[in-house]
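**Student:** Feature list, courtesy of TrEMBL:
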| type | residues | note |
| --- | --- | --- |
| TRANSMEM | 57-75 | transmembrane segment |
| TRANSMEM | 81-100 | transmembrane segment |
| TRANSMEM | 121-143 | transmembrane segment |
| TRANSMEM | 163-185 | transmembrane segment |
| TRANSMEM | 225-243 | transmembrane segment |
| TRANSMEM | 274-304 | transmembrane segment |
| TRANSMEM | 394-411 | transmembrane segment |
| TRANSMEM | 423-443 | transmembrane segment |
| TRANSMEM | 463-491 | transmembrane segment |
| TRANSMEM | 569-590 | transmembrane segment |
| TRANSMEM | 610-632 | transmembrane segment |
| TRANSMEM | 644-668 | transmembrane segment |
Amino acid sequence: MEEKGVDGRVVKRLDSERSSNSMNRQRFGEVSGVLSIEEFFEDQEVPPWRKQLTFRAFFVSFWLSILFSFIVMKLNLTTGIIPSLNVSAGLLGFFFVKSWTKFLERSGLLRQPFTRQENTVIQTCVVASSGIAFSGGFGSYLFGMSERIAHRSSGSKDFKDPSLGWIIGFLFVVSFLGLFSVVPLRKIMVVDFKLTYPSGTATAHLINSFHTPRGAALAKKQVRLLGRFFSLSFLWGFFQWFFQAADGCGFAHFPTFGLQARANRFYFDFSATYIGVGMICPHIINVSVLVGGIISWGIMWPLIENKKGQWFSEKLSSDDLSGLEGYKVFIAIAIILGDGLYNFFKVLTRTLSGLFSQLQHKREAEDFSLGSSSRSEFSYDDERRKQLFLKDQIPIWFAIGGYVVIAAVSINTLPHIFPQLKWYYILVIYVFAPILAFCNAYGCGLTDWSLASTYGKLAIFTIGAWAGPLHGGVIAGLAACGVMMNIVSTASDLMQDFKTGYLTLASPRSMFVSQVVGTTMGCIISPCVFWLFYKAFDDLGLRTGQYPAPNAVLFRNMSVLGVEGLSSLPKNCLTFCYVFFATAILVNLIKDLIPKKWARFIPLPMAMALPFYLGPYFAIDMSLGSLILFVWQKLNKTKADAFGPAVASGLICGDGIWMLPYSILALAEVKPPMCMKFLSRATNARVDKFLGS
């Protein structure tokens, strides 16, 4: 009852502000006569935080979470490149609930209209849930613990195979700490420092636009186009299935540029998913991946393979890390570590300098307000947003108490799941985790760049080296990586959501609850989706398979390096690693020093590293998607900007949801009826001779 009274007073105060709207515009400098965002919505009452959390919002979020978990899981297990799916989540959430409310309105049963605050709750819940598919490590540290990945790495004796029970338990004890670690800082980050959080801001503008008449009409067209390409992508995946009766069959193995190029991973595999990913990712990402593939598989690996017998034994298998495979894995790791280290210090420097300047600015502003009676100027939007954002406080005791309780449970539970991860390792992580979570959340607010995987790699090397080779250091390092990644990733995600809520007038309490509910969904949905992949596809984790899980191999070998050192590398591999490590730092440094108009043409080392191990085939798909969008923008930039993300989302979602029936068919051992395979002339001649005889 007391809370309703508080809400009533706020609404009443806002009503009195509406009556003096023209005076407000003059006072706040908005004399143009054009309504600001919050003036446009001022006739719509902001529901209390509990009413923003509706059954229909969580019902829609649940089904969308399943869809996006399949998408993220497929991307995780194929290349590890995951684009932002915020537009898709916001658009589909708006479409489904809007359709629901329209039906109820026509039936006369509608009790509560669909608001932008409820839309924000859906967005937050879906992104939190599908985010667990990434931070849960199903394509990196967690799957890297398995025996299947261990056999592809050195240090293969130390492994822990996936099991649905311990995975769910692990995620539940590590995925919520990050939420409590940054809750007390929400006012400082969003209101005082006014950090941008570009993704959160863009999402808020998208949601605000959906709830205007013009934006709703555009959203309707976008959803219609998304649906068409969703159907096309789904049916294309179904059509391809008929030709995949055996390994190496089907359109995914089409030798687009010839069989020799196909042997070096240069081919177009007709993947609707990665064409869509290429349309969403910036052009420079797609170019970087393609350049990395050309340098590695087009130049370096053929040259190093000619050194067989000199640099490494001719008798080694193709996946032995003492041979060519070792160069592929460890050079890729060197580039990733060089890029990650540079960006870690770059973001940390910006974070500390930005924090210092913000504190200095705040101190000067306080001194000025004490020495002057004049009122500081804020826009009407800022006034209203700040008022509602600070209304629903989340008590500091609740955040600190929640962190301590969950940390205590986690410290007692994790050693039972991973005996190699001692309780004092976890205690040290939890002491430093809030500081690192703050740095990641603050840096993300400045640059829109979450360094969760970089902090995870830091934990791999520190905890792995601490544990050592005799006490399961490889598994301890990977498990510590999971703990750290989950904390810093969820912390930056929550702060992005607070920014989105601030700009859409969604309550911080509803944002926090939505994040908790979404994380809970993700802790169950993501392991189940991974388990479906794990049981359905026997080639999961194999380099030549459909789902090679490249990051799982890379993360495990990072842990091996941290524990065992560099003694197991093949000849001259360490020299190559030093060169590419330094090159990654140098390229980043040049990119930051030269003017932006030239820097935008310099490839990104992190993106270049991925095809070093995996091959350039997916880069060709992404480059095609990028080319389609580029030509579309040249022909009609307005339409391309408005409908490009919808087309890309349709391609990704359709191919992603096809994985559900595809996995079920694989589990039921239903085989495709035919195999379409492309053979060399010599092989064809032998087949003809055999058939002729």
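Any Cβ shown, glycine's included, is placed from N, Cα and C.
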**Student:** Which stretch, 163-185, 423-443, 463-491, 610-632, 644-668, tops the Cβ pairs under 8 Å count with the transmembrane segment (81-100)?
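**Tutor:** The listed stretch sharing the most Cβ pairs with the transmembrane segment (81-100) is 644-668.
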**Student:** What else in the chain is close to the transmembrane segment (163-185), if you only count residues 6 or more beyond its ends and a Cβ gap under 8 Å?
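**Tutor:** Answer is 132, 135-136, 142, 394, 396, 398-400, 402-403, 406-407, 409-410, 413-414, 417, 430, 433-434, 437-438, 441, 482-483, 486-491, 493-495, 512, 515-516, 519, 522-524, 526-528, 530-531.
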**Student:** Restricting to CB pairs under 8 Å, which listed stretch, 57-75, 225-243, 463-491, 569-590, 644-668, is in contact most with the transmembrane segment (274-304)?
**Tutor:** 644-668
**Student:** How about the transmembrane segment (644-668) and the transmembrane segment (394-411): do they have 3 or more C-beta pairs under 8 A, pairs 6 or more apart in sequence?
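**Tutor:** Answer no, regions not in contact.
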**Student:** Taking a Cβ cut-off under 8 Å, which residues six or more beyond the ends of the transmembrane segment (57-75) line up next to it in the same chain?
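**Tutor:** Non-local partners: 81-82, 85, 88-89, 92-93, 96-97, 100, 118, 121-122, 125-126, 129-134, 138-139, 273, 277, 514, 517-518, 521-522, 525-526, 529-530, 533, 547, 652-653, 655-657, 659-660.
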**Student:** Which bits of the chain, at least 6 residues beyond where the transmembrane segment (423-443) starts or stops, bring a Cβ under 8 A of a Cβ in it?
**Tutor:** 177-178, 181-182, 185, 189, 193, 195, 347-348, 350-351, 354-355, 403, 407, 410-412, 414-415, 449-452, 455, 459, 463, 466-467, 476, 480, 483-484, 487-489, 491-492, 494-495
